[in-house]
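To start, the structure under review is shown below, and the notes come after it.
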Amino acid sequence: MAGILDGKKIVVMGVANKKSIAWGCVQALMDQGAQVILTYQNDRMKRSLDKLLSDVDLQMFECDVAEDANVEKTFTAIHESVGNIDGVIHAIAYADKDTLEGGVKNVKKDGFNLAQDVSAYSFISVSRYASAIMNEGGSILTLTYIGAVRAIPNYNMMGVAKAALEAEVRYLAAELGKKQNIRVNAISAGAIKTLAVTGIKHHGDLLKMSEGFTVNGKSVTPMDVGKSASFLLSDLASGVTGDIIYVDNGVHLIV
Ligand code: NAD
């Protein structure tokens, strides 16, 4: 059966392990026929990916987004290896524990800068270097959370970074749509127990609260997110850009 991503080359950034949202995206994209190219942060993540990919052969490139030079080098290497690409998923965020736990009032400049740098600025950098090697009509996607637009308990500084990220989606969509017909969107995912979430104080309460607000009592899974990501990366979403699409089983209807 033909997939909606047949013939598309899509870079997925941010698989840490099998619980990662990015891993759900990889599986859904492959189900729809995409050629997936992965990037990983460091050697530790590569070892984890090697285990996950024992029976799948995907190309992988190192990319710590903390430096623009790394991002540029990675997309140049991807271009040399596979040619032009059709899409990118940016599933990357980080804030140190002290910055997350102290509440927004107590955030120090260093912690603020690090969280914004990795969780929000990196999306600009990735969009810049990815769009340089992208076919016309390409699609760029990032991951956000409802804590960008609501004061979710303990989400703190990450909510501030996600608010910046969501603004970037709109500005980049306007710029890249005009010049290259590239679409830029975000999925606002419901809470899912991943490595990143365990950095949030009382994350068990957050996960429980989120599940309680779903319309059907069930948290979304990485695969649920991946299926919507497949649509947004495909030509079926040709008219969708600059949008924040909620994939949260209805949490945003109530919170
Ligand atoms: P995860 O821990 O599986 O993934 C986070 C990824 O970010 C990891 O692969 C890590 O290597 C990468 N990363 C961190 N710093 C990096 C750097 N300097 N360079 C390159 N990569 C770096 O967690 P996840 O929950 O799957 O997170 C993926 C995205 O989804 C994040 O943007 C997160 O904020 C977002 N999100 C998560 C949830 C949730 O409840 N889990 C909800 C909404 C949005």
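Using the three backbone atoms N, Cα and C, a Cβ is placed for every residue, glycine included.
The feature active site, proton acceptor is assigned by TrEMBL to Tyr145 (among others). In this structure, Tyr145 (active site, proton acceptor) belongs to neither helix nor strand by DSSP; it is coil. Around the Cβ of Tyr145 (active site, proton acceptor), a 10 Å sphere holds 29 further Cβ atoms from the protein chains shown.
Within the same chain, residues at least six positions away from Tyr155 (active site, proton acceptor) with a Cβ under 8 Å of its Cβ are Tyr145, Gly147, Ile200, Leu206. Under the heading active site, proton acceptor, TrEMBL lists Tyr155 (among others).
The NAD(+) binding site feature in TrEMBL is assigned to Gly14, Ser20, Ile21, Gln41, Asp64, Val65, Ile92, Lys162, Ile192, Lys193, Thr194, Leu195, Ala196. Annotation note: Ile192 (NAD(+) binding site) sits in a coil segment as assigned by DSSP. Sequence-distant neighbours of Ile192 (NAD(+) binding site) (same chain, 6+ apart, CB under 8 A from its CB) are Lys19, Ile21, Leu207, Ser219, Val220, Thr221, Pro222, Val225.
DSSP gives Ala95 (substrate binding site) a coil state; it is part of no helix or strand. Of all the Cβ atoms in the protein chains shown, 25 others lie within 10 Å of the Cβ of Ala95 (substrate binding site). If you look up TrEMBL, you'll see Ala95 marked as substrate binding site.
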Inset, instruction - Please go through the recorded positions Asp64, Tyr145, Tyr155, Thr194 one by one and keep those whose C-beta falls under 6 A from any atom of ligand 1; give the result in sequence order. - result: Asp64, Tyr145, Thr194
Inset, instruction - Determine the Cβ neighbour count for Ile92 (NAD(+) binding site): the number of other Cβ atoms within 10 Å of its Cβ. - result: 22
Inset, instruction - Using all protein chains shown, find which of the binding-site residues Ile21, Ala196 scores highest when you count other CB atoms within 10 A of its CB. - result: Ile21
Inset, instruction - Around the Cβ of Thr194 (NAD(+) binding site), how many other Cβ atoms lie within 10 Å? Please give the count over every shown protein chain. - result: 22
Legend entry - CB contacts for Asp64 (NAD(+) binding site) [other CB atoms within 10 A, all chains]: 16
